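Take a look at the structure set out below.
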Amino acid sequence: MTTLDLRKEAAPPPAFVSAAARFGVIEKPDLAFTPAVARETEHLYEKVKDFIPAFEWAAYAPYVHAINRLKKERNAVILAHNYQTPDIFHCVADIVGDSLQLARDATKVDAEIIIQCGVHFMAETSKLLNPEKTVLIPDAKAGCSLSESITGADVRLLRERYPGVPVVTYVNTSAGVKAETDICCTSSNVLAVVESLESDTVLCIPDEYLAMNVARQTNKKILTWKGHCEVHERFTAAELLAYKEANPGIEIVGHPECHPDVIAVCDFSGSTSGMINYVKDKRPQRVLLVTECSMASNIQAEVKGVDFVKPCNLCPHMKRITLPKILDSLLNMTEEVLVDPAIADRARLAVERMVNLKQ
């Protein structure tokens with residue numbers, strides 16, 4: 001008797017086809033500052049004229065013009081974090097915001113292509129939430145000190161050490177770390193996320209200062225990890241007190257990635273969007289934003305009459321994103337962001353739990 005094996009052989013995984021192969025490469029356009037380019041970008045220059053001298057705009061405008069034309073041709077949308085420079089934030093971005101805003105808005109875009117003007121974990125988050133879309137980051141080396149402070153293996157060891165304790169992971173982490181966590185958080189919703197969990201003890205990783213600051217707002221026991229943002233950890237309480245002494249009446253608005261001693265000196269603390277809304281609503285006569293200094297420039301045009309004191313701590317990773325690199329990304333469809341399918345579903349679940357959390 002002959003036995004037939006009717007089981008089908010497993011189909012081989014589909015061959016990877018690069019974004020450049022899928023969408024094609026476009027030849028670099030002429031980047032001359034022509035009268036037509038000047039006219040078509042004039043309204044955008046009005047938004048950044050306080051930060052870019054008129055004689056320098058001739059170098060920016062051709063890139064702005066080309067990017068805005070190409071993103072329509074490519075059916076692409078540009079997402080930019082609040083720490084991007086004003087030329088990107090005001091002149092080419094379609095959606096701007098903090099990490100939570102960008103994560104939520106990434107799920108609503110109709111475009112085929114997402115250009116993520118931020119650091120790599122943000123692009124990964126957009127890819128997790130849009131697995132069928134093409135996500136590009138203009139510079140794949142745009143990293144993050146927080147993201148690099150912890151690995152998925154570290155989280156597994158923490159789970160062994162603290163069995164049954166839920167893990168809340170800051171979005172400033174790799175997909176591999178997110179895959180080992182229960183739910184993600186951002187600086188704008190970390191307290192709501194922690195309070196949503198039934199456990200009296202919560203692991204809040206990897207930002208030690210964010211965890212310490214939320215511990216002051218909850219009755220839960222917060223376990224921490226020693227990760228720090230290289231921008232925010234440089235601020236000190238003594239520095240801010242010196243600013244207060246030198247500028248009577250100044251309001252200090254801080255980010256919760258700063259040390260709790262720094263936050264104690266602040267008049268308000270919140271996510272980058274929370275900080276922006278505070279300044280827009282309160283309209284203080286003079287204000288100091290304790291965060292990456294490009295953000296003050298980005299909102300200065302919208303709050304005329306507010307004097308910004310700028311202790312300039314720049315994020316070297318955010319500053320890797322530039323107009324020439326964005327243009328190159330659109331022309332050559334690089335750098336494409338991919339997430340290992342073995343971890344993507346678990347990482348996506350942690351992000352979706354955060355995005356869907358009612359606040």
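Start at 1 and count along the chain as shown; that gives each residue its number.
The backbone N, Cα and C atoms fix where each Cβ goes, and this holds for glycine too.
Noted in Swiss-Prot for the protein shown:
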- His81, Ser99, Tyr170, Val171, Asn172, Ser187, His255, Pro256, Glu257, Thr272: iminosuccinate binding site (BINDING)
- Cys144, Cys229, Cys315: [4Fe-4S] cluster binding site (BINDING)
Surrounding CB atoms that lie within 10 Å of the CB of Cys229 ([4Fe-4S] cluster binding site), all protein chains: 25
Residues that sit under 8 angstroms from His81 (iminosuccinate binding site) by C-beta distance, when 6+ apart in the chain: Val96, Gly97, Asp98, Ser99, Leu102, Cys117, Gly118, Val119, Met122, Thr272, Met318
Assigned conformation of His81 (iminosuccinate binding site) - DSSP reduced to three states: strand
Cα proximity to Cys229 ([4Fe-4S] cluster binding site), best match among binding-site residues Tyr170, Asn172, His255, Glu257: Glu257
Glu257 (iminosuccinate binding site) CB neighbourhood, other CB atoms within 10 A: 28
In three-state DSSP terms, the structure that Tyr170 (iminosuccinate binding site) belongs to: strand
Cys315 ([4Fe-4S] cluster binding site): tally of other CB atoms within 10 A of its CB: 22
Residues that sit under 8 angstroms from Asn172 (iminosuccinate binding site) by C-beta distance, when 6+ apart in the chain: Ser99, Phe121, Cys144, Leu146, Ser147, Pro206, Asp207, Cys229
Same chain, 6+ residues apart, C-beta under 8 Å of the C-beta of His255 (iminosuccinate binding site), given in sequence order: Ser187, His232, Ser269, Gly270, Ser271, Thr272, Met275, Val290, Thr291
Residues close to [4Fe-4S] cluster site centre defined by Cys144, Cys229, Cys315, Cβ within 8 Å: Val119, Ser145, Leu146, Asn172, Glu230, Val231, His232, Glu292, His317, Met318
Recorded iminosuccinate binding residues, His81, Ser99, Tyr170, Val171, Asn172, Ser187, His255, Pro256, Glu257, Thr272 - maximal Cα separation rounded to whole Å: 17
